[in-house]
Amino acid sequence: SFEGRVEVYHDGKWGTICDDQWDDRDAEVVCRQLGLSGTPKALSWAHYGQGSGPILLDEVQCSGNELSLDQCKKSDWGQQNCDHIEDAGVSCDPFTAMVQPVSFSPAECCPLLLPPLAEGTVRLAGGRSPGEGRVEVYYNGDWGTVCDDGWTDLGAQVVCRQLGFR
């Protein structure tokens with residue numbers, strides 16, 4: 001599926017995102033994180049139905065260039081002032097920029113679940129564009145840097161491929 005309520009996994013549980021500040025730049029990051037290349041569209045007011053459980057994020061403000069929501073400006077995990085009627089959704093529609101009508105009610109719609117970061121996930125930080133920067137690796141719940149001892153173009157090529165660059 002390419003549309004639905006956005007849910008994130010943090011600290012051992014799934015939860016929703018509040019739609020305060022939610023816009024198409026945030027949707028662009030969600031679509032990228034899910035590997036979907038359609039036209040990103042942010043949807044508010046529990047368009048895809050209200051979730052249950054915790055509301056884990058609020059005040060998400062992405063620039064649109066981030067590789068994951070974790071890199072966006074946002075409230076601290078679990079810090080929010082929302083109800084599930086404000087659950088955020090996205091459409092990453094590969095066919096059109098308009099949200100297509102669906103044949104099921106929003107309450108029946110499945111959430112778009114963002115997977116937790118895997119050990120060894122890489123990102124670039126501190127660059128002037130999304131394609132450059134300091135290499136960081138996710139390990140044991142934290143981001144760390146990579147020492148440049150023995151760093152060669154081959155290592156850079158591997159990181160670029162991991163990030164989806166050619």
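Keep in mind that glycine also has a Cβ here, set from the backbone N, Cα and C atoms.
These figures come from a predicted structure and were not determined experimentally.
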What residue among CYS18, CYS31, CYS110 is stated in TrEMBL to be the disulfide partner of CYS82?
CYS18
Looking only at residues six or more beyond either end of the domain 'SRCR' (122-166), which have a C-beta under 8 A from one in the stretch?
65-68, 71
Work out how many Å separate CYS72 (disulfide bond) and CYS31 (disulfide bond) at their Cα atoms, rounded off.
14
Lowest local Cβ density among CYS62, CYS82, which the record lists as disulfide-bonded residues, within 10 Å:
CYS82
